[in-house]
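Dumping the structure here so I can ask a few things about it.
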């Protein structure tokens, strides 16, 4: 039975083709698939170009055969019957066999990036996610259409409660009731767009689309009106028409934004300065890859020899290489004659282009490389990084650090969750380097001071400006949050005066005008303050039962009737309360359920199944308004959340309120017996909604045992959380593929009832976790964490939680344990180095041991080192960095590095010596006591000292002095008899006579005086006596005989 088609459908499609805008049709019913050929036929008749190609996305099964050969054979077999008549072929089979259709699984839609289609068909509504919507709809060109196939329902309100596949990820053991707020908002949004028609499976317009009761066709006169952008593009092409090779390349540009970007690229190429970086950012489908591809063709024309292109996958470079070839066509290059195309032999890349060899004038190459192949850029002259936001930031920094021109292109708006990292981190560092400043991290001598050219493209390449589907999608998924006005009029109130409110998610996602404005403001703060965002986060925030949203606001002026201004937004997820048996089974099997990130991770790392039974709150993100960052508002929000879950925010003036049940959306269930026909149903936002904001003292909180955070480890974030007394317990050894950061988990125990209460969660498990974490980090700093800045590593090992510090006992090392780590020779080497008697390489092997003992707090508190000394000891002893690297990192000269290390080693070495001396003294005392105890007992009384030590020493000194006097006198007496024989015995009278008889002027200073010898002198024989001489001679001859 044939029915007349609603004229609004045809008019809608024709208007889209005429204006270059897209149309969308949501078809509800079991036979919705059969209406696709009809809509496609209308579109193909309305266009003057070739039949549009189709992208058909589905979950698992298509429910029909896609084999074109079998379809053609079946149709040929059925063309004739026995009677010879020609039956009517199935329109759907004709459509499948005669149309260029690309079938794609939902989980493989990333492979369609950069492609353009005329028609999009989305089936399996329950498997769709916000990411899929944004990713697929943006591939449709202007004049095309999106067909959304929905299952048969009695009422559109049944779609509110439909179970989506993604909801399985949101369910946890403690929170398993899902409220599909996103579906309700999605259905309501369809009625807000004039380019969306909701139809049944007979192509009848449903009342939800009553806002477009009369669709007027676009007059022919308006179709020929040229926009300002088109006029600007035409003038640019005309101005550069005679300039080669720029003119022919510019003729391929489709928009004015693309033409300006291409001109900037070509200007940089013609200047041939190797210290230039160009950044091109835009939303999805703005023609970035096309502009880069045309610029590469221009680089070949200007004589560049070695050009490299990189991307997360070669499949993403299809459009880029396509426009390189189009650029060659514009420059009259002939394939096989002037250049050749090389496809990849890797089956994973599916015959993608990976190389273009040009040999028109000399050998030139455009080569694809993997982002990890930085070592292949030795002879590079120009490198292009397409979709740079999807490549880890450390790799991007390394790729652009060489002495060559760098082109970056990336999508910063749209569905990509990583696009903001390019603008928030990398481009900020490049701006600092371009301005002559030094980047905070990732500083390199080769890219320091590079000139940066930033370009941004606004106009879409696939459709004309003013596309209503784009506006609808941006509003639904908050994709244009970066363009939201964030200027606040509340000034800068003191953080202590600000208040925290909990947001009612039923009202927030109700699609009311006021709540939509508030939602856009919240998402704008999320996007501008946090670099990792995606539309899927929006669905998680709306539907996940364990998530709560808090906003920090300035004191509200009740006289104003505007939307409250938000200073900070905090998203909290409740986790834990797991069954211990489930945890044990998960730990043994290595599998875990979705959700509950902190309980599962901590339980697995510490092999503690009891931790998962606790109830905790994970702070998913803290986002502060970009104009109010680093002013204390983020810390104030965290402080208020802690007080809220401790029960300190509850009003004392009111009676105790019952615990607030989880927020639920009240949706009227539509049963078969009480259904409303689709053609009579009108869908509108609900009116019976609670207030959007609720004070904390109006809602009794859940009882939590801890608060936790999982974040990408950076120095500023670590300082922020430690300032709020959070304790790190886990760091992932593998870095994040996108940001290059290591995931860190930090916890803070909530002590209900104060420190005197018997319930002190942090008193039982958190100190144990911290001690174990500290021990692991000390050992891992020489492995996966050796690249950490010394400042970050030192901050990880410093505890700032007062409750945990009170329970931490410092286990000072003893002599017996010290001997296991350090020998006596090691201690002597330390002592010598501390006194500058040996070089530093003498103690290189000792530094890891000393550093480990220091940072594991095995040394006494009074031996605490200065911060700089600790950083040097950590960097050298634990991370094994070279002194040159330490000097650059700490910005200290080498002599100060050595001096500070020497002082630290001397202090520690002196304490080690003191420990050894004390141990020796104690051993001697013990031996003396043991020897005294082992002596046999006697009848004599026990000896008692008669005097103290000083008296004994004085007595001994007197005895020694007396002995010395006695020995001296004996020596003088012995020598005196021998010396008397040389004594001159004369009186003064004889001497005076001698002096008078001699003239002293001419004397030779000798005076002779006659004297008489004493008896002793007479006994001595005179050697001059002849008798004595003869006696000596006789004695000689008698002994020797004659000769």
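Cβ coordinates come from backbone N, Cα and C, glycine included.
Since we're looking at a predicted model, the values are computed, not measured.
Pulled these from Swiss-Prot:
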{"type": "BINDING", "residues": "285, 286, 287, 288, 289, 290, 291, 292, 293, 294, 462", "note": "ATP binding site"}
{"type": "BINDING", "residues": "622, 623, 624, 629, 630, 631, 632, 633, 634, 635, 723", "note": "acetyl-CoA binding site"}
{"type": "COMPBIAS", "residues": "1030-1043", "note": "compositional bias 'Basic residues'"}
{"type": "DOMAIN", "residues": "551-736", "note": "domain 'N-acetyltransferase'"}
{"type": "REGION", "residues": "1020-1043", "note": "region 'Disordered'"}
Given the binding-site residues 287, 632, and counting only Cβ atoms in the protein chains shown, which has the most within 10 Å of its Cβ?
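Buried the deepest by this measure is 287.
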Long-range neighbours only, meaning 6 or more apart in sequence with Cβ under 8 Å: which ones does residue 622 (acetyl-CoA binding site) have?
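Those within reach of residue 622 (acetyl-CoA binding site), by Cβ under 8 Å and sequence separation of 6 or more, are 568, 569, 570, 634, 637, 638.
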If you compare CA-to-CA distances from residue 293 (ATP binding site) to each of the binding-site residues 624, 630, 632, 723, which comes out shortest?
624
Cβ distance under 8 Å to residue 285 (ATP binding site), same chain, sequence separation 6 or more: which residues?
138, 139, 460, 461, 462, 463
Measuring Cα to Cα, how far is residue 289 (ATP binding site) from residue 632 (acetyl-CoA binding site) in Å?
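Rounded to a whole number, the Cα-Cα distance is 42 Å.
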I want to check the contact list for residue 723 (acetyl-CoA binding site): same chain, sequence separation of six or more, C-beta distance under 8 angstroms. What comes out?
635, 800
May I ask which of the binding-site residues 624, 630, 632 is closest to residue 291 (ATP binding site) if we compare their C-alpha atoms?
624
Helix, strand or coil by DSSP: which one applies to residue 287 (ATP binding site)?
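Coil, per DSSP.
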Taking the Cα atoms as reference points, how far is residue 624 (acetyl-CoA binding site) from residue 287 (ATP binding site) in Å?
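Between the alpha carbons of residue 624 (acetyl-CoA binding site) and residue 287 (ATP binding site) there are 33 Å.
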Give me the CA-CA distance between residue 287 (ATP binding site) and residue 630 (acetyl-CoA binding site), in Å, as a whole number.
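Answer for this pair: 37 Å between alpha carbons.
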Report, as a single number, how many Cβ atoms besides its own are within 10 Å of the Cβ of residue 630 (acetyl-CoA binding site).
9
Suppose we draw a 10 Å sphere around the Cβ of residue 624 (acetyl-CoA binding site). How many other Cβ atoms does it contain, all chains included?
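If we count other Cβ atoms within 10 Å of residue 624 (acetyl-CoA binding site), we arrive at 25.
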Which whole number of Å gives the largest C-alpha distance between any two of 622, 623, 624, 629, 630, 631, 632, 633, 634, 635, 723, the residues noted as binding acetyl-CoA?
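Among the residues the record ties to acetyl-CoA, max Cα distance equals 17 Å.
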Just to confirm my parser: what is the rounded mean pLDDT across the domain 'N-acetyltransferase' (551-736)?
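It averages 83.
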